[in-house]
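Q: Below is the structure I would like to discuss, written out as structure tokens.
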Amino acid sequence: MGEAQEVQLQIMVQEAKEENSPESASVTNQSTLPQRRNYNWWFRVSLYILFLLFGQSVAVILGRMYFVKGGNSKWMATLVQLVGFPILIPYYFIIKLKNPTAYDTCTKPPSVLTLTAIYVSLGLLMAADCFMYSIGLQYLPVSTYTLICASQLAFNSVFSFFLNSQKFTPFIINSLVLLTISSVLLVFNNESANPTRFSKAKYAIGFICTVAASAGSGLMLSLTQLCFRKVLKRQTFKVVMDMVIYQGIVATGVTMIGFFAGGEWKSITREMDEYQMGKVSYVMTLSWTAIIWQVFAIGSVGLIFEVSSLFSNAISVLGLPIIPVVAVFLFHDKMDGIKAISMLLAVWGFLSYVYQHYLDDRKSKAENRNAIEVSKASNTGTSREE
């Protein structure tokens, strides 16, 4: 699922932003913050919010529509989640012009062999992840699929506990419990939640693949954080975008190999002819799915740079209930009591997770302010002695 890639992008860009903001600059930014709250700033933030919500909702809906209207290629559905990454390249240069200091670094970069191993490993994991998400999107109703995807945060917390010394606070534990219960409820709801043409066995396969993909996404986020902290040891915007682009190249290449090696390319012409909405709609559905996933990416990254990763994640939370509600009208998914409770628990789990990051962010900022005040007091005392 393309969302996994974009959440990873959010985390990496936030690390880049923090790494390239020295303590002295943070004081200046605080004093100039009101000046930034002009009409242009609000316009940009509003535009990024629309990009994020629109991209997240429409991309999943289009992905499901591809299967509902006659599409059957899992590799093609996977490819459209990944192949649109070159659209981010112009954004790469726009940010470079706006903030050229984001490219300064004095840290010696890792060897080419090390970078290649990182890009290839994460790219392979991303390709496998998106492929399993495609299976889930094919065999599950959109509402069920979306709610299961919420468990990604729970898996991310578990993997971060082992790889990145993540602390299990009460809010994190609350999030884990709620997201787990939300997914478990859907297991007992397969009778009413499965209006598709597929059997119970395929429904179970879709459920397992979506859970496995969510676990893979959580693992990928934790491994990315570990790579930046232990191997790359720098988070400039250039390094972040290099990670996204090269990783996207590997994932796209692997998916294309699977597409041709699996023989699905042979049935594309027939699939296009039998598509219920026609050949043109077939091409347009796939093309717009690839493009709109990148619209979501631009919205996510834009909000991180203009406001914060917390705000970007909070807006993503707002988009969570949109997809199941839209699916009720477009695909006639049933929104029964169990699924409604599952949705509420998933949203609650999201909010609990985000609130913990809000508390961590406040604590980090308070510690930075204290360190700056101590440093300024020390410098003042030294100047007086001189």
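Don't overthink the numbers, they just go from 1 along the chain as shown.
Cβ atoms here come from the backbone N, Cα and C positions, even for glycine.
Curation plays no part in TrEMBL annotations; they are all automatic predictions.
Marked as transmembrane segment by TrEMBL: 41-63, 75-95, 115-135, 142-162, 168-189, 201-223, 243-261, 282-305, 311-331, 338-355.
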Q: When each of 41-63, 75-95, 168-189 is checked against the transmembrane segment (243-261) for Cβ pairs under 8 Å, which one has the most?
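A: When the Cβ pairs under 8 Å are tallied, 75-95 comes out ahead.
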Q: Given the cut-off of 8 Å on Cβ pairs that are 6 or more apart in sequence, determine whether the transmembrane segment (142-162) and the transmembrane segment (201-223) share at least 3 such pairs.
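A: Judged by the Cβ rule, the two regions touch, with the required three close pairs present.
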Q: Looking only at residues six or more beyond either end of the transmembrane segment (75-95), which have a C-beta under 8 A from one in the stretch?
A: 1-2, 5, 63, 66-67, 102, 126-127, 130-131, 133-134, 137-138, 237, 241, 244-245, 248-249, 251-252, 255-256, 258-259, 262, 264, 268, 286-287, 289-291, 293-294, 297-298, 301, 305
Q: Quick one: find which recorded stretch in 41-63, 168-189, 338-355 has the most Cβ pairs under 8 Å with the transmembrane segment (201-223).
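A: Comparing 41-63, 168-189, 338-355 against the transmembrane segment (201-223), the winner is 168-189.
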